[in-house]
Amino acid sequence: MAVIEGWTKLLEKTNPVPGAAHRRLLGGGASNKNDFPEWVSPTQRKLLQATPSNIKPDIVVAQDGSGQFKTVNEAIKSIGPNYKTPFVIYIKAGVYNVKAGVYKEHVLIPKYADGIVMIGDGPTKTRVTGSKNFAAGVQTSDTATFAVVAPNFVARNMGFENTAGPEGHQAVAYRSRSDNSVLYNCAFDGYQDTLYAQAYRQFYRDCTITGTIDFVFGTATTVLQNCKLIVRKPLPNQACIVTAEGKKDPNGDSAIVLQGCHITSDPAYFPVRHTNKAYLGRPWKEYSTTIVMNSILDDLIAPEGWLPWVGDFGLNTLFYAEFENKGAGSAQGGRVTWKGIRKLTAAQVETFTPAKLYVEGDDWIRAANVPYVAGFMKA
């Protein structure tokens, strides 16, 4: 609760963004000079532009030497045991570890670093990249470019990437065991296993995730709200699968919920989308649970909708549902008819909206002061 209160006070200097009554799907609009889609409102843009000019960071990371550190890992290691939360790290533009720039490193936010807030200059400007992959002999969980174990992690305006390519097979860009974590206006780029929502409660809003196989997977209680999922071109003879949820316990609360999202094709994938077909998900574990609601599914989604893992594993025990989606890929006529495929009423689907799914409450999302819809999203 202290972390929530601290984060709320921190953001009082920016205009709060109330829960929107209507959603605006990512994509379509061109980006403006501030790296935001054109449809982002002035209020949302002000929130996204939160930087040291209106939120004083505790640490600045910059490749050009204008901050206290040049890498994200150096910044994390510098945090002492008695820091106050939230602890804000501003990462300038660049490819790397966090001010704008490309930061080529593998970052771990350790368990003790509760309440870390990372703010970048935009998901295409502040990027953390790495290339560890399973084909090179690295275990999947260890391939992550950016991993978070500490609870209450918040990231905004950041990009996380694994550059191994499809030949690397499992190659994670972002892995999280962070309970009550919120990621806003972030990009997760990879091919197989891009976003590993490993455990606990996680919320993603206005994010972009790219990949080929199981590129959103894990055993967390995960909601992706108003996100764009872009399928990339796989290796020859490979199919593409958006999700692979891993619930093992029928009484567990893990799930992947895609709410108000847009599933579409990368330009390189578009010409082969009907040859290398794409599917909404497959059952990584026996009680795999995935809900796709109020989303736009482009014509890359195969008529069957869902793909088996191997043989008939999990087909009778999984829990998959689609609700009030639109687009050419949402047609139900050719869908698989496994026992685990559900036709849910609005009341049943409501239990998978954030306010109901997070049974211990959603105060941690509201405190992050990001756009948020607690219930159904209107098309």
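For all residues, glycine too, the Cβ spot is worked out from N, Cα and C.
Per TrEMBL, domain 'Pectinesterase catalytic' is recorded for 58-357. The annotation active site is assigned in TrEMBL to ASP214.
Note: ASP214 (active site) has non-local neighbours GLN192, ASP193, ILE241, THR243, ALA244, ARG282, TRP284, i.e. same-chain residues 6+ apart with C-beta under 8 A of its own C-beta. In the three-state DSSP reading, the residue listed as 'active site' counts as strand.
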